[in-house]
Amino acid sequence: MTQIDNRFRRLSQALDYAFQKPELLRQALTHRSYSSANNERFEFVGDSILNYTVARMLYDQFPQLTEGELSRLRANLVNQNTLAEIAHELKLGDYLYLGEGELKSGGFNRPSILADALEATFAAVSFDADFAAAEQVVRRLYNQRVATIDTTRQAKDAKTRLQEALQARKLALPKYRILSQSGEAHEQWFKVECDLGEMALISTGDGGSRRAAEQQAAEAALTLLEQKLAASKKRS
């Protein structure tokens with residue numbers, strides 16, 4: 001077993017896939033700050049593999065949903081936050097090759113870098129074997145997530161569900177405010193606040209775009225709202 005094989009042994013076990021050419025996995029985990037032989041082109045292919053596979057899983061799982069509803073479900077499953085969550089589960093950050101600047105700034109834990117590396121990993125599997133092998137890796141990582149989707153909650157995005165929940169109770173609509181914005185133009189990171197003034201509730205969300213951060217903040221606000229309403233109901 002070569003040194004590179006040994007470095008990726010645990011990751012291969014987590015993916016349930018053994019690379020014949022581990023150098024492909026290494027490139028998938030190499031950020032552009034580390035080398036010109038990086039994962040950007042891999043990410044392009046991996047994104048397509050991911051989107052097709054998740055779309056097919058949703059199509060088979062939910063025959064009753066419309067194209068628009070399936071699209072919203074897929075968007076929630078393939079967004080940066082979900083990909084970063086899966087990458088954390090795989091401990092992908094432990095295997096990244098990053099330049100000195102990215103290392104110092106915590107790039108191994110940055111959602112955008114983790115999400116890109118995971119997509120690039122799907123591409124690496126397809127280059128090492130074929131599309132079917134990459135599809136199986138995606139399916140193994142997403143089976144539980146797809147199986148446990150609550151379509152009554154997920155068919156609409158979080159901002160829409162929050163707005164409808166407030167309107168149903170004749171409450172004021174939420175106010176969103178950017179708390180911080182960092183990173184270079186091509187890799188920005190937003191922190192957003194969601195203020196439910198009448199309910200005295202404030203939540204926050206992070207994301208690679210303002211929209212993604214607002215969606216995460218809205219999801220958190222929904223949870224807080226449900227908890228407060230449930231507590232109020234118990235007291236009455």
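We number each residue from 1, going along the chain as drawn.
Backbone N, Cα and C define each Cβ position, glycine as well.
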If I go by Swiss-Prot, which of GLU43, GLU187, GLU193 binds Mg(2+) at the same site as ASP116, GLU119?
GLU43
Cα-to-Cα gap, ASP116 (Mg(2+) binding site) vs ASP47 (active site), nearest whole Å:
9
I'd like the number of other C-beta atoms within 10 A of the C-beta of GLU43 (Mg(2+) binding site), please.
19
Residue distribution over DSSP helix, strand and coil in the domain 'RNase III' (8-130):
88 helix, 2 strand, 33 coil
Using the CB centroid of GLU43, ASP116, GLU119 as the Mg(2+) site centre, which other residues of the same chain sit with their CB within 8 A?
ASN39, GLU40, PHE42, PHE44, GLY46, ASP47, ALA115, ALA117, LEU118, ALA120, ALA123
